[in-house]
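Here's the structure, in structure tokens; my notes come after.
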Amino acid sequence: MEPWKQCAQWLIHSKVLPPNHRVTWDSAQVFDLAQTLRDGVLLCQLLNNLRPHSINLKEINLRPQMSQFLCLKNIRTFLAACCDTFGMRKSELFEAFDLFDVRDFGKVIETLSRLSRTPIALATGIRPFPTEESINDEDIYKGLPDLIDETRVEDEEDLYDCVYGEDEGGEVYEDLMKAEEAQQPKSQENDIRSCCLAEIRQTEEKYTETLESIEKYFMAPLKRFLTAAEFDSVFINIPDLVKVHRSLMQEIHDSIVNKDDQNLYQVFINYKERLVIYGQYCSGVESAISNLDYISKTKEDVKLKLEECSKRANNGKFTLRDLLVVPMQRVLKYHLLLQELVKHTHDPMEKANLKLALDAMKDLAQYVNEVKRDNETLREIKQFQLSIENLNQPVLLFGRPQGDGEIRITTLDKHTKQERHIFLFDLAVIVCKRKGDNYEMKEIIDLQQYKIANNPTTDKENKKWSYGFYLIHTQGQNGLEFYCKTKDLKKKWLEQFEMALSNIRPDYADSNFHDFKMHTFTRVTSCRVCQMLLRGTFYQGYLCFKCGAKAHKECLGRVDNCGRVNSVEQGPFKPPEKRTNGLRRASRQVDPGLPKMQVIRNYTGTPAPGLHEGPPLHIQAGDTVELLRGDAHSVFWQGRNLASGEVGFFPSDAVKPSPCVPKPVDYSCQPWYAGPMERLQAETELINRVNSTYLVRHRTKESGEYAISIKYNNEAKHIKILTRDGFFHIAENRKFKSLMELVEYYKHHSLKEGFRTLDTTLQFPYKEPEQPAGQRGNRTGNSLLSPKVLGIAIARYDFCARDMRELSLLKGDMVKIYTKMSANGWWRGEVNGRVGWFPSTYVEEDE
């Protein structure tokens, strides 16, 4: 048996790889093992399996997504621990790039073989390898670097289950919440629904007791042993949690015991706003535990006091460290408890009301999960900051990381290619030169000033580092050209740049006269449109710098008319002052959600508005006015004439509400949508692609019209999509309610229904990477068989991806679920051929 196969068996026995992993298949190749180990995550877990706590998993990047920087950091962490903990010599180790670039995978196998023979590894009782004579054929490793370059990496999510394990603190939580079944009266009414209600009430009582016990048995006694800063860093906002839960517990008890749970749904809806303080707690709990560990190690008196407190609180069963994780567990249980109650509630009105409460608690859970997720991202950002020399600006200001890796760059007026490592964020690109394990910052590119464009002519060269695309300055300054190692990497970089630019300038950012920009909200904030919380700790959503409206990316197209013009040029939004009128009630500011108004009679300024109001707005019958201010008692309203752009006051009886306009649909996240594009540009995009590659573009000459461009018989063909009476069609005999529906239909039915000479379906969206012909249906079939479908869910809300790992959803989408990661509230699934992560609270599983 070849050494790499024996290595794979050793990894399985070490419980790092599952027994049915693809490296055990008859079709397995050494490439499969190399690709599995490349990110360093499983190697770090291997050391922890051989000796627990060899590596602190919080210090590695558990989902590096093939970021070169993060993968190399993981690999170097593994190599350092091999020396420091396992006593291996540096000469016995491979170098980080031997694995990441698989330039010497034979050396990697050799290192793992030596590791298997260290005293620590042998003490586990697992046989080292090789266990038999084998021929070490170096030739099998030679083609790996090219194969890695040519193969698009997908996540093997099931592999990481062993790394994540159970939710931290889960067992402690379950132990604390155990119902005392012996005390439960047994009666016929004690049905499943009654059990659900009893569980909600009892667990809330027990949880409140746990919080009170932390306050009474730990906080009070430790106050004189800790400094004020230490005290606050360990206990965060637990006193606030105690107050909220004492009150919540009483209201839940009152509703279930005294009111037959008729108002239970309202209790949870009312408390959602008060429970967002968990964002602060969950942001700080990891640091709290680290600080507690450090204080315990450095202060003997505190260590002894903690042991004493634990004995008084619960006979020493749970330490303070155990108990600090419980609040994070509890806040993520409310929606699960309500979900079970909804399932066993049959009265239609009660069920509908409880679903409102369930939505509120799902929103809260997603908010908390995103805070946790952002904390992981902030750790990554901190690592970037510490590893880049000459970087004086906080990387945090550049948004979330989209990717990093090696690239070659030229300015458009020079032709010398420079080897660089770039870090791409939402708002900027940090261009660096590699210096050993660190990087030297050479330039920061502000992406707000740039757009990207493909350079398809470079694809014809068909050699490494020849695949280029442009970064063009929007104000005409000198641009850049980036060159990628392979065509597939170029496609990946283009997607990542497009995602970053779509975060900076999303569709509908300026719709209805708004001026939306990415923004970090320092307070917990809800979306103007869907009323759900803006998620995370930084750059959570978008702020209109004119009227102060706040929204999710996916909701921008549905924010109603902008309430003010030029009210926020700089700095934070300030709400407009209310005007008062001595002759009538003080007018209130109209919610910007009021509809546009249609003018039904001319007004040229007579009679004039009151002196306290402002200039008249000249309008003519048929004009459309955007309402800015007014109320039912006002004779004059303020508005903007959409024809002239002028703002002023007009008689309220001169207008009537305009017909409702359907919400615009955002197709930007679809792999086939190209946005506004001319025919020639579409032909350029398709010229070097395989037949049946297609895109859907917005026709720039005819507003609101779309066209399909598809490569057929080596030529680009264009099909106009007709819209009439709210339907889309390319053939008169078949009409569709949406563009999405039309595209989905022609993925499975030939276009010859409308065009006899076009006998093809829509097969390859132009944004998706094209696989080399030799590998199409071969390598992917070997490495990435269709994952097991765990279930089907329906999207309840729109969701717009923020990076390439995420999966955009439109309300009503049918989602195949592949992975459920309860640890962070995100699931992995597929919609219309696209695979990625999405918030589990945005979908509802089919029962």
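Cβ atoms here come from the backbone N, Cα and C positions, even for glycine.
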Of the residue ranges 213-262, 313-362, 513-562, the one that Swiss-Prot records as zinc finger: 513-562
Leading stretch by Cβ pairs under 8 Å, where the reference is the domain 'SH3 2' (788-847) and the options are 1-119, 192-371, 592-660, 672-766: 192-371
The domain 'SH3 2' (788-847), counted residue by residue under DSSP: helix, strand, coil: 3 helix, 31 strand, 26 coil
Stretch-averaged pLDDT - the region 'Sufficient for interaction with ROS1' (560-847): 75
